[in-house]
Amino acid sequence: MKILVIGSGGREHALAWKIAQSARVSEVLVAPGNAGTATEAKCRNVAIKVDDLDGLLALAQREAVALTVVGPEVPLVLGVVDRFHAAGLRIFGPTAKAAQLEGSKAFAKDFLARHGIPTAYYAVHTEVDAALAYVREKGTPIVVKADGLAAGKGVIVALTLAEAEDAVRDMLSGNAFGDAGARVVIEEFLDGEEASFISMVDGKHALPMATSQDHKRVGDGDTGPNTGGMGAYSPAPVVTPEVHARVMREVVEPTVQGMIADGVPFTGFLYAGLMIDAHGAPKVIEFNVRFGDPETQPVMLRLQSDLVDLLEAAIDGKLDGAHAQWDPRPSLGVVIAARPYPDTPVTGEVIAGLDAVPASAKVFHAGTALNAAGEVVSAGGRVLCVAALGDSVQDAQRTAYAGLKPIHWSSAFQRSDIGWRAIARERQAQG
């Protein structure tokens, strides 16, 4: 069978790589893909943009694609699933209405409140003066979020009143995020440890994937501005078996049932960005309606089941009978980005050393392309993610960083401490 993966990032390379391992798959089409998917076994890039729904639909029909997997949020919010369904094609992802869980933070917060799912207190504002008054009343630290899609960057954690006021003004009157910032959600700052809890959902049932923890800040020690994510590891030790049970009971199940109750059943990858407090109580920071990036890369390294079998079960509404097998070893992925990311990065630089990466690490491509000479060049902010398995998180970290050592181009940089929380825990446990 032929499978289509929509997207061009590290997440899509990891999904295509895992899908290509299935004996049931003859070819994986990736639209538009990157330099990694261009050379991955059984994969072929097709130059169609993720927001070209007509082109994607025509491709799936022309190539007799058996099923389509959507990587990024943009085509989901635009309604790619609705278009494919209308044409009678099999596709895994939420409808445009269900994708509002990510497409609008106000929609998500109202949904959480309506269904009694734990989250931070919040208010939605469209007027600068009212928003500023609310911020002054609540005090800091406080979180200001652009309502719409902002590629993971429309969130300001304000530690001072001046920062909060600047964020409100930037988003509402300065138009820092265009239409995405025409409304802002202002919410309480949550204390605790973050975890990414991703489930496959078939409309009625949820099958949890391995947990993971992302590193959002650009700098070591979680400093500097937020990014789309600088690295991740799986599993997240903060999600103990007890916390896992609570998340399923208090967050995932009520979300699946709540979407049914609202007449918008959810099918797809449901990503709950959680804050776990000192007592193990989870609160939802945000929903994404697709697999995380860079979490997908280490999570796919650990998945031992045939992903195609799971996708088929999800599309057929049969996840209650499905089971996912995981490598017990932890995995860790480090993003190599291009300066000055998260500001507009330098692109078009030739990436050297990819052929010298040891077999113990897997390089997933994100913002890469092939130039006219067939060389791999940088083409985005987050360029590569080097991932590895290990007997411990520290071991996986060591192998991943050894794996990225030969890779270089002049604007390249990465954090040196991905996995630091889990490694501190491991050291503590060893006494």
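Cβ coordinates are placed from backbone N, Cα and C, and glycine is handled just like the others.
Noted in Swiss-Prot for the protein shown:
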- 109-316: domain 'ATP-grasp' (DOMAIN)
- 135-196: ATP binding site (BINDING)
- E286, N288: Mg(2+) binding site (BINDING)
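Annotated features, which come from Swiss-Prot, shown on the structure.
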{"residue": "V135", "record": "ATP binding site", "CB count, 10 Å": "23"}
{"residue": "V143", "record": "ATP binding site", "CB count, 10 Å": "20"}
{"residue": "L159", "record": "ATP binding site", "CB count, 10 Å": "12"}
{"residue": "A167", "record": "ATP binding site", "CB count, 10 Å": "27"}
{"residue": "R183", "record": "ATP binding site", "CB count, 10 Å": "20"}
{"residue": "D191", "record": "ATP binding site", "CB count, 10 Å": "9"}
{"residue": "E286", "record": "Mg(2+) binding site", "CB count, 10 Å": "18"}
{"residue": "N288", "record": "Mg(2+) binding site", "CB count, 10 Å": "23"}
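When the binding-site residues V135, V143, L159, D191 are ranked by how far their Cα is from the Cα of E286 (Mg(2+) binding site), V143 comes first.
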